[in-house]
Amino acid sequence: MLEERESKERAMNPFQKNESKETLFSPVSTEEVQPRPPSFPKKPSPKICGSNYPLSIAFIVVNEFCERFSYYGMKAVLTLYFLYFLHWSENTSTSVYHAFSSLCYFTPILGAAIADSWLGKFKTIIYLSLVYVLGHVIKSMGALPILGGPVVHTVLSMIGLSLIALGTGGIKPCVAAFGGDQFEEKHAEERTRYFSVFYLSINAGSLISTFVTPMLRGDIQCFGKDCYALAFGVPGLLMVIALVVFAVGSKIYKKPPPEGNIVTQVVKCIWFAISNRFKNRSGDVPKREHWLDWAAEKYPKQLILDVKALTRVLFLYIPLPMFWALLDQQGSRWTLQATRMNGNLGFFVLQPDQMQVLNPFLVLIFIPLFDLVIYRLVSKCGINFTSLRKMAVGMILACLAFAVAAAVEIKINEMAPLQPDSQEMFLQVLNLADDEVKVTVLGDKNNSLSAESIRPFQKMPHYSKLHLKTKSQNFHFQLKYQNLSVYTEHSVEEKKWYSLIIREDGKNISSMMVKDAENQTTSGMTAVRFVNTLHEEVNISLGTDTFLSVDEDYGVSAYRTVRRGEYPAVRCRTKDENFSLNLGLLDFGAAYLFVISNSTSQGPQAWKMEYIPANKMSIAWQLPQYALVTAGEVMFSVTGLEFSYSQAPSSMKSVLQAAWLLTVAVGNIIVLIVAQFSGLVQWAEFILFSCLLLVVCLIFSIMGYYYVPIKPEDIQGSADKQIPHIQGDMINLETKKTKL
């Protein structure tokens, strides 16, 4: 979330302590600039409780809190929505998640252009917030199971996410700056504190939403499943509140008119320099000291000097996207990893997507810790801990975080059940007869599935592996029961799990082959299935919205997923009676088979068998990787923007913000590409990202070693010099300072 801290960094920049936080730049025009009407009303805006703080900033801060709650709350459950509601693969879910994140960091350029060149900040925020709300409504509709099929859900989701990306990205560069516009020049100190409160509202919204929305998803059932519609709808409601709150303050806002986009001017200047150099590539044309000097025929010298300073910083931005590629996987790959872990912490049970709350929580702890303790201790040790060195250390910490994530992934795989390979299947025997049964697989070797006879309702310790000659095959079994030998045949497929259920059939026995669940259950939840040995159909209620029916005489139910927890009295009903079953603890990631029988005088009972073990590794083992990557984020992001602002002229601040957001967008594209085309197992992919960032860190360190920092007075000094008139065919221009 630190990529949003442009406003915070303005307050932190030591080179701007006594300056306005508004950007000053020179518009490029061959015509004389016409005088504009006053930007602000002459009547002073009302203050908060007699202080120097404008009342209008209260509406802006509340708006930002609600908007960030809306964005991060929706994003927290997005990966699991793709995986378990739309039934996409993990790679596709990860790719679309990062494509959406990337789009959210491309659209700020469009929002800034609209605000600066056309509508102004206020109207841009209002109009794009309406688009934002519409996106949430469509996204929530795409999570309603009763509304169409998978194609309809997918189309609605993609439309909704596109509108949300346009809305959140479009208003991102406008809200903080609009709040700064509310202050008078003489209240610069209050404006600095406002940016701190604004930044806290971002993290407060993120912190609360990433904790609450997973609870709405998992703790509330809609249509018998996780309530994704509610988890998306509540953030949408918060965005409506954000829009209403912002609009209520309309009459007391200061609304500066649009004054031109410096980003556009920089792009045009660079393009003209390149094209002009290409046109004059003849050897007869005198060479110029810098390639940007070829823009002198059209653009003022001060703008060219500023762009030169800008390009020096942008050159250092080239390696940065790889860091964001690692950081933004907290909401995708790390969340998927958490689904295979046990969220029971003893005093609290965490949902897999709630682990993301650690990032904003640790950010609020680490920023003062680093600023007030760690950096000061390093300074007292006589170490020159420059900004570039801090950024390099931040990269190394992110590398270590992914190395830890890879180690955790390897340990999870070691604890997980083995998987059947090609031309293999796993089989277990469930004896529901009243006497022992010996099961033998007839074939080349006549393998016995168990050395001993299988007792009634005996829990098998593990699955038996059987080899197939083709992808699907018929197996012949011999069942020895008392003095009988029964031969049966069943068809199976490779890479599947099966249960051979043996049951009484009068004085004889028979068998049926049932395909079991895969080796993992959905989002860390529990999968349950029932076998009904009664002579009546049983209706079972597993929760307020989860019902299933099991046919009589050894009927087998479909799978149902339920939340982890104790189930001491599950209500059941037959045609003649009502009764309850004690299912006990249903743990994270486990799959259970319950056999309903009436073999005792106490009424129907449930015999429980766990055939897929619960997740054994605690979700707390993710804490080290979150701590490392958040520490790296604090050192990298805060320091990076602070360094960038100190090395570029004031007229280029908005361009640097756009470039910084673009590095985040490119980083998400890198994850998208790797997820789709690497083909690696998960732990190997973590190692790949860690190694790639380590190489990038080495390159960045070499670039930083040869970088010569510019002092702030050197940057501003060129603005005080007289700009000479350009002779010949060049255009004589003067720069006029205007407020952005």
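Note: Cβ is positioned from N, Cα and C throughout, glycine not excepted.
Where the annotation comes from TrEMBL, it is an automatic prediction and has not been curated.
Look at TrEMBL and you will find 1-44 tagged as region 'Disordered'. Summarising the annotation, TrEMBL assigns compositional bias 'Basic and acidic residues' to 1-11. Taken from TrEMBL, the feature transmembrane segment applies to 69-89, 95-115, 127-148, 154-175, 196-216, 228-248, 309-327, 357-378, 390-408, 658-680, 686-708.
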I need to check the long-range neighbours of the transmembrane segment (127-148): which residues 6 or more away from its ends have a CB within less than 8 Å of a CB in the stretch? 67, 70, 74, 81, 85, 111, 114, 119, 154-157, 159-168, 170-171, 222-223, 225, 228-229, 231-233, 235-236, 239-240, 242-243, 246
Per the Cβ under 8 Å criterion, with at least 6 residues separating them from its ends, the transmembrane segment (95-115) contacts 3, 75, 78-79, 82, 88, 121, 124, 128, 161-162, 164-166, 168-174, 258, 261, 263-264, 328, 331-332, 654, 657-658, 661-662, 664-669, 671-672, 675-676
Honestly, do the transmembrane segment (309-327) and the transmembrane segment (686-708) touch, with at least three Cβ pairs under 8 Å and pairs 6 or more apart in sequence? yes
Can you tell me which of 69-89, 154-175, 196-216, 228-248, 390-408 gets the most C-beta pairs within less than 8 Å of the transmembrane segment (357-378)? 196-216
